[in-house]
Amino acid sequence: MSFETLGLNPSILKALTDAGYTKPTPVQEQAVPAAIAGKDLLVSSQTGSGKTAAFMLPSLHRLAELTPEAAASGRTPNQEKQAAFARGERPRFKPAQPKMLVLTPTRELALQVTTNTDKYSVNLRRLKAVAILGGMPYPKQMQLLSRNPEILVATPGRLIDHMESGKIDFSQLQILVLDEADRMLDMGFIDDIEKIVAATPSTRQTMLFSATLDGVVGNMARRITKDPLTIEIKQAANKHENITQRVHFVDDLSHKNRLLDHLLRDESLDQAVVFTATKRDADTIADRLNIAGFAAAALHGDMHQGARNRTLDGMRRGNVKVLVATDVAARGIDVPTITHVFNYDLPKFPEDYVHRIGRTGRAGRNGLAISLVNHAEGMHVRRIERFTKQSIPVDVVEGFEPKKAAAPRSAARPGWKPGEGRKPGQRSFSKPAYPREGGHPRDGGHQRDGGFARDSSHYRSEASPFRGEARPEGGFRREGAPVRKEGGGFRRDSAPRSDAPRRPWGER
């Protein structure tokens, strides 16, 4: 199938040809015709499947069909603004009224969507796309909104700020897209998304893209869509056959750092991304690699947007060889020259592992993904293997062998999970449910290794000098001597109380 058979606008087809696009991906083949027809979509696809074009190409087609009608009725907003200035008038700021809104979880992904949109709409002069992000100066964003763009790409937090200040009006919105909806929910944006959706017309077209459509994502999708078409791209297409995956076990942090330093000196490495679990680790490792002679830079959410853009520009120009990043900041990184991905820390969710290794092997190139794993993290590796339905081989570098050998994996039972094969009603990691030797303790039996029988008066400990003897009424002291119970009990540091009647308080 070719893009011509999808029924796209000729101007869009020319832009795709100039950009080197030859044929649509599976998700584009199914999503583009349905989106052109105006149907709501629920699409489950992984990163690298071409989902940006899957929702942007049909949206541009629909907006291009509407733009000539609007242009024939009069001037464009920018032309009206210029005419007002020519008359000496200073028109008041009018809220932007976009026709399409794309919500993304991160700034980098929003910038990537905006860049691709400019590429697809290069021949559609009247369609403009702008990105509204956190970390960008407000005056610049006000300038972008004053142009009344047709397409708005934004992160939820900053978009809410402009909505509350009256800078954006969604009354004319026709298309709403939620890109990587699962990640936005993981980041806690569900309330912001609900608020944004409530501000849009009910007649809009809604397209939701996510790695999974179950759980919270599925519940939200059912609330915001009408009779949607569900498209699920099989996971087999996301096995990354062109990416070699390896696991290196490490003993401690020092071993991990030395091994990473060695692997980064591979002659076949062009550029690499090192993923960490925290922002602090990203800064620390980037500083250490710079001291070691690598051209390294950090990328995480605490950085100002200008600094993040400069880092990514340096990566694309080749000035940065090693990018040390967190999961959230790395969303949307598309640099074809990245040959290696290192998991300095394993991701919390297996889905993030797929996103991480997808930073390499772009555009059909080969890539290498290496995970530096502590021996206690073997269960996390097995979870990733079950999710990707792939076995990740363990590799050892000569001179950097771990002191502890990796646990062998059973080839007879691939994908085994704890608890499989358990009998119905049997509890895991517990003592047997059958009665102990000699009957159940409740019925006067005894424990196998000694101890008290619940209804017995004997102490069964082998170490006790009173084994087999009746317990004194007062019990035992910690040192083993019996505690004799006297009438009235004992006072502290005093003799036993007498049995004489107590005197009234006033006679004492």
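In case you wondered, yes, glycine gets a Cβ from its N, Cα and C as well.
The domain 'DEAD-box RNA helicase Q' annotation in TrEMBL covers 1-29. The feature motif 'Q motif' is assigned by TrEMBL to 1-29. Residues annotated as domain 'Helicase ATP-binding' in TrEMBL: 32-231. According to TrEMBL, the feature region 'Disordered' maps to 69-89, 404-508. The feature domain 'Helicase C-terminal' is assigned by TrEMBL to 258-408. Annotated compositional bias 'Low complexity' per TrEMBL: 405-414, in sequence order. The feature compositional bias 'Basic and acidic residues' is assigned by TrEMBL to 437-461, 468-508.
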Long-range environment of the domain 'DEAD-box RNA helicase Q' (1-29) - Cβ separation under 8 angstroms, sequence gap at least 6:
36, 43, 45, 49-51, 53-54, 57-58, 60-61, 64-65, 119-124, 231, 233, 237
In the motif 'Q motif' (1-29), how many residues does DSSP call helix, how many strand, and how many coil?
17 helix, 0 strand, 12 coil
Can you give me the average pLDDT across the motif 'Q motif' (1-29), rounded to a whole number?
88
